[in-house]
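S.K.: Okay, handing you the structure first.
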Amino acid sequence: MSKKFIITWDAMQTYCRELAEKQMPAEQWKGIWAVSRGGLVPGAILARELGIRYVDTICISSYDHDHQRDMTVLKAPEGDGEGYLIVEDLVDSGDTARKLREMYPKAKMIAVCAKPSGKELLDDYVVDIAQDTWIEQPWDMSIQYAEPVNRKQK
């Protein structure tokens, strides 16, 4: 993927607050199930914004940094998902979301970002991303010193 969409910490906070507003009233939710690892930060922000104290994880492995591979369920809460928000940072191909729908047919599945191949599997999301674009999440980046241009030429 040659295109990149960079999400800053500030933008992630803003997107998650917008996503939280769509989940009101908060009292309808028993808890949040954050999909590890991408959904952990959005899940924490949503828990704060909605005043939800019960947060658990669904651990599914399907990526090695930028390469998708076979899916493995490492940890999964019991039940059909009724009353729970399943939170992801991104729905890309839809493979993980499809698996989650099978496992938890009554949960509400939400994500911060969605690509065309997977967005129909979501109940809510806030940012549309082109299918050929790689997302750089704030937890995958660091701020570094950049040499001034005039010093690079010497």
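Here the Cβ of each residue, glycine as well, is placed from N, Cα and C on the backbone.
The 5-phospho-alpha-D-ribose 1-diphosphate binding site annotation in Swiss-Prot covers R37, G38, R69, E88, D89, L90, V91, D92, S93, G94, D95, T96. Annotated GMP binding site per Swiss-Prot: R69, D92, S93, G94, D95, T96, W134, I135, in sequence order. As annotated by Swiss-Prot, Mg(2+) binding site applies to D89. If you look up Swiss-Prot, you'll see D92, I135 marked as xanthine binding site. The guanine binding site annotation in Swiss-Prot covers D92, I135.
Could you give the neighbours, burial and distances for every feature on this list?
M.R.: In the structure as shown, the Cβ atom of D95 (5-phospho-alpha-D-ribose 1-diphosphate binding site) sits within 10 Å of 17 other Cβ atoms.
DSSP classifies D89 (5-phospho-alpha-D-ribose 1-diphosphate binding site) as strand under the three-state reduction. There are 23 other CB atoms within 10 A of the CB of D89 (5-phospho-alpha-D-ribose 1-diphosphate binding site), with all protein chains counted.
The Cβ of D92 (GMP binding site) has 25 other Cβ atoms within 10 Å, all protein chains considered.
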S.K.: For D95 (5-phospho-alpha-D-ribose 1-diphosphate binding site), which DSSP three-state class applies?
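M.R.: Assignment for D95 (5-phospho-alpha-D-ribose 1-diphosphate binding site) reads helix.
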S.K.: Among all chains shown, work out which of the binding-site residues R37, S93, G94, T96, W134 has the most CB atoms within 10 A of its CB.
M.R.: T96
S.K.: Are there residues of the same chain, six or more positions away from I135 (GMP binding site), whose CB falls under 8 angstroms from its CB, and which are they?
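M.R.: Expected: K4, F5, I6, I7, D89, L90, C113, I129.
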